[in-house]
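These come from TrEMBL:
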TRANSMEM  B:12-36  transmembrane segment
TRANSMEM  B:145-169  transmembrane segment
TRANSMEM  B:190-214  transmembrane segment
TRANSMEM  B:343-365  transmembrane segment
TRANSMEM  B:386-405  transmembrane segment
TRANSMEM  B:417-436  transmembrane segment
TRANSMEM  B:448-468  transmembrane segment
TRANSMEM  B:480-500  transmembrane segment
Amino acid sequence: MLLALLLCYGGFTALCLSMDRHHAELLGCKPSARRRRGMKLGGWGLLALSLWAAVSSTGWGLGLVEWFAVLMLSALLLVLLMPYRPRLALSLAGVSLLISPVAAFAQY
Amino acid sequence: MKEGFRQAMAWLHTWAGLIFGWLLFAIFLTGTLAYFKDEISHWMQPEIPARSVSSEASLTLAQNYLQQHAAGASRWLIDLPDAREPGLSVRWQQSPAKRGERGQFTEKLLDPQTGAEVQGRETTGGEFFYRFHFQLQMPYPWGRWLSTIAAMVMFVALISGIITHKKIFKDFFTFRPRKGQRSWLDGHNAVGVLVLPFHLMITYSSLVIFMSMVMPASILASYNCDVRAFFDEVFPASSTPELAGKPAQLAPLAPLLERAREQWSGGRVGRLTVNHPGDAHASVVLVRDGADRVVHDFGSAVTFNGVTGHLLATTPEQSLPRAIAGSFYGLHMGHFAGPVLRWLYFICGLAGTAMIGTGLVVWLGKRQLKHAKSGVMPFELRLVEVLNIAGMSGLMVAVAAFFWANRLLPVDVAGRADWEVNSFFIVWGLSVLHAMARRGRAAWVEQLALAALLFGAVPVLNALTTPYHLGITLVQGDWAMAGFDLTCLGSGLFFAWAAWKMQRSGTAEAVIRQRAQPITPEREVN
């Protein structure tokens, strides 16, 4: 479940950065069109990967439930963190993507 | 046309949400607490020790106890302890005096390690929140009807809310705090949209759980208005062998657990029923504990002969429609959830409660603005304000009062469990009076502060009235007990923060109003 959570959080942060307004809020400038597309693709990719991570570890029944749970939790965490601690929200995404290989290694 | 449709949906969302908002808030909050009902019960009956003992060992103890104390009973019921419910409960039913009557039940709780009787204090425990959540403390069909209607309205409010909310994807990550009314609406949208899968699941599944009550047409049509025939077919009565009249020694029950596990590929036994113990035709029914699967199976069981240990019967595989209904039931109840997932369920439930609460605040805030200058509120707005205060902060105070009553009422007072429940409702009623007597913001601040005090002091209260304080439970690893104390402390801190925030925004508003006053006459002159 940890791996799915890390990937979900990273994915949502990428999707968030693919929007002009949030990119400007968090990083101080508008994203280029290429960057926007990259963020969008990366974000959806990470979410899909997290679904696979959840389902492959506990099967479809429990895996889907766990995936939805971490999906909602990570989005809620990101949205509540962004206005108060924007730097923390961003660095958490970086850290979670960095340690996700370790979590993947622990899971398999 | 499209705008008209959206406006109609906004109207529906506004008014359906308002009328049922307070009821739904209470249903969501108590339902969220019910996810931890075993842990709450454990805290409210601290006399029952939490032990990790194997099912086999506790079953042997239970069998010994029953053979000594209830050898002549017609039926034994044994509920095995699990990680969440530490008590080993044994019940037995005497043979009825007359045929067709129900025999009298006796219930005892045993310590799963020693087999000695444990006397827990009389309390409804977490079961109260679970029952209130769908029965609303009303007599039999009415509470269920009202909560089911509320669920239907919730579903309507969710769908109409999605249609009303124009920019779901554009505003997906948007939350702008410290902007007054704007922030409340942002918060309402954020918890609504981000936790939408949970909201839809929990609301729809609640309708599925009560489907035979809400939509009986298909049952009535195919069973010629005989609802009982439907239930008899869906839940066939267990056929127990007739009494032989010859005494025979009951085989040890513990080895049957392993054989049941083999039948269910690892599934645990939750409850055992022994029919006619001590008779040659004794039978043992082992009912599966649903906690290992998402899809709930109603009454999956295996039956063994009690003397020889031969397998007598197994329940058939679940059919697809039953599996679908069972999966909605399982998802709603969350029996399968381990500690982490259970906390996530709890957080999602709180998010749902917050969505309803913020919705109620937004409704009032929007309409209050018009009367901000005069400072006089029309009756209907004042009514909504009082209900908001009592329905939200008052309910929190009442929940805390329920826990306090559990520790403060003498252990041997008559009708103790009822008095706990009464104190919940008395305090809730008092919060209505308080909200009526005080001005809006003052009432909010005072009730939130009281909730903060009551919840924050729960660990202290527990330490003063029982020997199971945090210093001991944390060391012993009794996480249910320690977690309850810590969660209460956390909620206390949250309410203190909310009260402080409310107080501060109140003074800020007053300052702005004072500053704004000298400007108004000038405008009038101009």
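Glycine is no exception: its Cβ is also placed from the backbone N, Cα and C atoms.
Not measured: the values here are computed from a predicted model.
With a cut-off of 8 Å on Cβ pairs spaced 6 or more residues apart, the transmembrane segment (B:448-468) and the transmembrane segment (B:343-365) reach fewer than 3 such pairs and are scored as not touching. Most Cβ pairs within less than 8 Å of the transmembrane segment (B:190-214), among stretches B:12-36, B:145-169, B:386-405, B:417-436, B:480-500, belong to B:145-169. If one looks beyond the transmembrane segment (B:480-500) by at least 6 residues along the same chain, the residues whose Cβ comes under 8 Å of a Cβ in the stretch are 36, 38-40, 42-43, 46, 50, 84, 396, 400, 403, 444-445, 448-449, 451-459, 462, 468-470, 473-474.
Relative to the transmembrane segment (B:343-365), the listed stretch B:12-36 leads the set B:12-36, B:386-405, B:417-436 in CB pairs under 8 A.
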